[in-house]
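A short worksheet on the structure shown next.
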Ligand code: 5GP
């Protein structure tokens with residue numbers, strides 16, 4: 001998505017070897033016009049996949065996920081993060097190691113919001129090592145729901161997540177794919193169709 005790449009070049013800041021800060025339009029201040037266009041992109045890519053629910057993780061996945069849900073006309077469920085979860089019969093839970101915070105969180109979704117009838121599209125803000133996607137996938141499997149696809153706003157293709165998802169064969173669409181950070185600059189993969 002050209003507009004997103006331009007925005008990353010203009011406003012993104014590379015921190016260290018492998019973190020991109022995009023607080024001005026995605027992770028703190030949110031640009032709703034850009035989010036809406038992202039929702040449209042995800043809709044166009046996955047509109048024939050029978051999606052009836054969007055799943056994400058709080059908090060930065062929520063903005064793009066809601067815009068995507070709006071385009072599909074389906075509900076959006078965000079998994080909640082907790083340091084620890086007192087096990088409850090009413091929750092699906094899984095563990096997620098946070099790449100940016102270097103801590104392990106439990107994520108949970110109430111059973112009443114996900115069932116074996118659901119065909120799910122996962123949306124998240126970043127794909128790094130694939131931990132968040134893995135955690136959501138565990139919950140989807142526990143619920144007996146179907147994972148139809150994964151939509152990522154910013155993929156860092158040089159980390160492990162993309163390869164893991166490709167290996168599993170799940171359809172994935174990333175709006176911006178970062179090949180590398182070189183001298184503090186972002187280098188994108190050639191745009192996918
Ligand atoms: P993963 O679970 O794929 O290892 O990492 C994805 C999660 O970590 C995303 O939900 C996002 O919150 C966070 N994350 C990973 N890499 C970055 C990054 O470079 N910048 C920001 N802002 N968040 C990131």
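Placed from the backbone N, Cα and C atoms, the Cβ positions cover glycine too.
Checking the candidates 20, 34 against TrEMBL: the one annotated together with 27, 156 at the xanthine site is 20. Per-residue pLDDT, averaged over the domain 'Phosphoribosyltransferase' (43-158), rounds to 95. Candidates 128, 129, 131, 132 (binding-site residues) were compared with residue 156 (xanthine binding site); those inside 10 Å Cα-Cα are 128, 129.
Mapped onto DSSP helix, strand and coil, the domain 'Phosphoribosyltransferase' (43-158) counts 31 helix, 46 strand, 39 coil.
In sequence order, 8, 12, 13, 14, 126, 154, 156, 178, 181, 186 are the residues near residue 20 (xanthine binding site), counting only same-chain partners six or more apart with C-beta under 8 A.
Here the CA atom of residue 128 (5-phospho-alpha-D-ribose 1-diphosphate binding site) lies 15 Å from the CA atom of residue 27 (xanthine binding site). When secondary structure is read from DSSP and collapsed to three states, residue 27 (xanthine binding site) falls in the helix class.
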